[in-house]
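**Q** Pasting a structure below so you can have a look.
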Amino acid sequence: MAFSLRLFSVVKYESVIHEFDPYFNFRVTIYLTKEGFYNLWNWFDDITWYPLGRVVGGTVYPGLIWTAGVMFKVLHALNVPINVQEVCVFTAPLFSAFCSLAAYLLVKEIRGRGAGLTAAAFMAMVPSYISRSVAGSFDNEGVAIFALVFVFFLYVKALNTGSLAWSSAAALAYLYMVASWGGYSFIINLLPIHCLASIFTGRLTAKLYIAYAPLIVLGTLEAASIPVVGFNAVLMSEHFGAFFAFGILHAALAIRYIKDILPVKAYNAAKTLVLTSGVVLMSGILLLVLFYVMSSPTFGWTGRSLSLLDPTYASKYIPIIASVSEHQPPAWPSYFTDLQAASILMPAGLIALFWPLTPASLFLILYACTAVYFSGVMVRLMLVLAPAACCLAGVALHEALAALFKGVHAEQREQESRPPKEDAKAKKPSSKPAKASFWSNLPGFSETGRPIPRDAALTRGGDGSIHIFDDFREGYAWLRYNTPEDAVVASWWDYGYQTTAMANRTVLVDNNTWNNTHIATVGRAMASPEKQAWEIYRALDVTHVLVIFGGFIGYPSDDINKFLWMVRIGGGVFPDIKEKDFLGEGGYRVDNKAGKALLDCLMYKLSYYRYAEASLMTTGQMGFDRVRNVQIGKMDVTLEYFEEVFTSEHWMVRIYKVLDRPARDIKLPNPRSTRGKPRKSSLS
Amino acid sequence: MKSLSSIIFAILLLSFQIFNQPASCKVATKRKVEKDFQRQDLEALALQASDGVIHFTPEMFDDYVTGKRRPYALIVFCSAAHLLDKQQLNLRGLRKEFGLLATEVRKSGKSGVFFVDLEFKESKSIFHRLGVQSLPWIVHVNPNVAVGADGVIKFKQDDTMRHDDYGHHHWKAEDMAAFLRDKTGINIEKVDRPSFSRSGLFPVVFLAAVLALGAIAYNLYYAEFMKNLVLWTMGVLFVYWFSVSGGMHNIIRGVPLYYPDQEGKIKVFLPSNQGQLGLEGFIMGFMYLLFGLTVASLTFAVPKLADPSHRRTAAYVCIVFAGLVFKQIVDNYTWKTGYRWRIYF
């Protein structure tokens, strides 16, 4: 079911890759299948981040790409002639099916088979995960969530059995997780929390040691051998918690051992001694760590983690993190949208897990508790919460059903005097709300869960027919076939991956936001007046500029709406860009009360060039922007340093050529302009 | 003849000017001396002030600001005592940052600019003359701006730092320093915030805190109530409730709990898919929680009832109640997001 639910996108839009990041992964996978696993490590990609380039092998989480590569190789070895693209499209649905199985195993370990089954059912259709693992969404999260749940399952299994084999398996699964997604730091922080909680609630057993210690040692070694993590595995503060818990675990075991071999009196004396010396030692170490940490401006934490602990951090200091829509804090409807019934069944699951409280159920409680907090900070982490919510909802539903049907079974077995019919009647409707909410998952996801591919936006026509706007692919195809191979395309970073993968052209910046300054340069160019922007672009050898414009058909996530972030990010590095220059009366607006700098800047010009006449034909009003619902502030846009070379059918993609030298006479009538031409009318 | 008379007139005029000059010079010198005194006064006042910001009464404003030009620039911070506690305006925080900048300037020994604050109720007329329409409002009074005894004072558009200039008004002292640099050329590289973490006492206090925490933890570890699972359950449920209500959203965005609409009625629910109001989130979080608790009581509490008929009634009540809560959640959700809800069987 998990697999088939995710195939709707293929039915609806054909087998294509969606969104931005998957295009990059797709490109890397193609490289992998052509050049082999080993060469991938050394791949230097020269058509992105021009002129810097990017060392792909060392900066990518390779788990997903390996997975797809292995699947491709295996299928080809079996003489199944499948295209790389098909492998990539169907990887995520396949792994979501695995993820459901992993959820079943995890909850089975914690609460038995019935709960496992319901949890797996929830897992199969939780919208939050569907949105990331739908066919065509070839993204890290698709496999990483499976890896996450699987690591947890193996850990819990090791915890329950105390077997070193399961623990080693958990370490291996952890390797896969680290290779797949940056979210592994959630595991490496959750496990120590569980370990500490177990110690302090008196649940310290040899089994805990076997489950935890090998995972930390092996896991850290493994993490360090993934190039993108490398020595961060021991240097970043995010991993310190694990080592701290590791130390405490040993100390606690040592105390217990000593307690066993010493008489009570000697033990008490030793305890005081060890406590005092331990406290002194620990405070010394703490101070050292503190000084090390204080010496770095971000206290040794990565920006993303800091914004989790101090939620206001990102909005204050790192515009590039705050700018991404999935880093926004969610409001209450998000939980219902993303988790559906699982979100409201969670409390019942939490309560169910407390009685009885086993080490395994403690683990699930801690997992849910931390994940639900983190999801409150960033909507993207809803994805981490989703498995926890599904497991809890599974437990809750199972317990509720068990409680309700226990009566039925008891009646039948014990043959009491009361007629069983009546009792069954009494109990029957009781499963209804739970069931209804369970099944109502289905309609919910079909409305909201599935993302509309960014490269083919879709609207419903007045007669209910569906129009698919294929402007993005049209634009990229134009780039591919009409520009020289060494063309350098400048666009906002969102479109970098797609340009390299679909148009095969060099870009300045892409969705891997590793170099803030470079992105800021692009933002600065977009925010500068035409001449300065031209100078910046010439200095960077840019030949074409691509902008996304939604005003023609009302596509809201276009560059004009993203523009303020370009200004903020640009202004973060180049102080000559000031946000307030771009704000008009009462904030950001594009009509005649817009900020002066906005009306002069390149982005405005490239977006609205020739638009006034075009909108006259569609909206009947000169220069009416259908996204902002206003008449634009400057109708008569002329370009001196750029030449329009392509505008897609619905004006969503506009491509401009950067001229070698300024156009001589911009006052000449624009050959494409409709203005000034004698209008044909029925009278003439 | 005519030309001769015009020459004589010119000479007369010239001599008049020559005679006249010392007189006008004298007036100017006198005014200059007066202004210099004023400058010294202000310097003394700034030194007296705790953070280098001089509080101006309307009279002081007249004394020190009125005139064609002044030998100093002023940075005026407009504030209002009755709005200090309004969270959205953040006036208190801004005033603190303003003070930090003033202290920094005073420390650097750079002269020629004074930091001043005005209070709305006290200096209503001044606010009107400055053209303050919204707070926070910081204005730079250029030495060359002519300020009459009354009437509206005209500033250049960019001499003010206004409510919506930065898209937000959580200006830091650094933002104000940039403003100061743009306007007066006084460059303050770094604003030094008094921070406890840099004082020599910090490691000691830190250690003491760690030890105290350790002691508390040690005692808690052996405390009886720590083994009470109900307490822990409540804690976990609280975290759940806080998160699903979008509590973090409320903190990060700084949204108000509710807002009054035009008719003065209190609006709790925001009819837009984007964002929420504080109270709205908490109410909905509570409903989420209520549903979960009802299901939980159906599972755990109801079977414990001894009498079968009570058990049955309680189960019915729970089911109906859970159904109602669920329906309410779905209705609110549909109203808020516009996503329709269908049940396929």
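Glycine is no exception: its Cβ is also placed from the backbone N, Cα and C atoms.
Sharing the features that TrEMBL gives for it:
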type	residues	note
COMPBIAS	A:412-426	compositional bias 'Basic and acidic residues'
DOMAIN	A:2-393	domain 'Oligosaccharyl transferase STT3 N-terminal'
REGION	A:412-454	region 'Disordered'
TRANSMEM	A:55-75	transmembrane segment
TRANSMEM	A:87-107	transmembrane segment
TRANSMEM	A:113-130	transmembrane segment
TRANSMEM	A:142-159	transmembrane segment
TRANSMEM	A:171-197	transmembrane segment
TRANSMEM	A:209-234	transmembrane segment
TRANSMEM	A:240-258	transmembrane segment
TRANSMEM	A:270-294	transmembrane segment
TRANSMEM	A:344-369	transmembrane segment
TRANSMEM	A:381-405	transmembrane segment
**Q** Does the chain bring the transmembrane segment (A:344-369) near the transmembrane segment (A:142-159), so that three or more CB pairs sit under 8 Å (pairs 6 or more apart in sequence)?
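**A** Taking Cβ pairs at least 6 residues apart, the transmembrane segment (A:142-159) and the transmembrane segment (A:344-369) are in contact, with 3 or more under 8 Å.
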**Q** Establish whether the number of Cβ pairs under 8 Å between the transmembrane segment (A:240-258) and the transmembrane segment (A:171-197) reaches at least three, counting only pairs separated by 6 or more residues.
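**A** The answer is yes, given that the two segments have at least 3 Cβ pairs within the 8 Å cut-off.
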**Q** State the non-local partners of the transmembrane segment (A:55-75) in its own chain: residues 6+ outside its ends, Cβ under 8 Å from one of its Cβ atoms.
**A** 25, 28-29, 31-33, 37, 40-45, 82, 84, 87-88, 91, 95, 138-140, 142-144, 147, 176-182, 226-228, 512, 514
**Q** Mind checking which residues reach the transmembrane segment (A:142-159)? Cβ under 8 Å, same chain, six or more beyond either end.
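**A** Distal contacts: 63-64, 67, 91-92, 95-96, 98-99, 102-103, 105-106, 109-110, 123, 129, 132-133, 166-167, 169-170, 173-174, 176-177, 180-181, 183, 186-187, 191, 207-208, 210-211, 215, 359-360, 363, 367, 383-384, 386-387.
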**Q** Give, as a single whole number between 0 and 100, the mean pLDDT over the domain 'Oligosaccharyl transferase STT3 N-terminal' (A:2-393).
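**A** Summing pLDDT over the domain 'Oligosaccharyl transferase STT3 N-terminal' (A:2-393) and dividing by its length gives 82.
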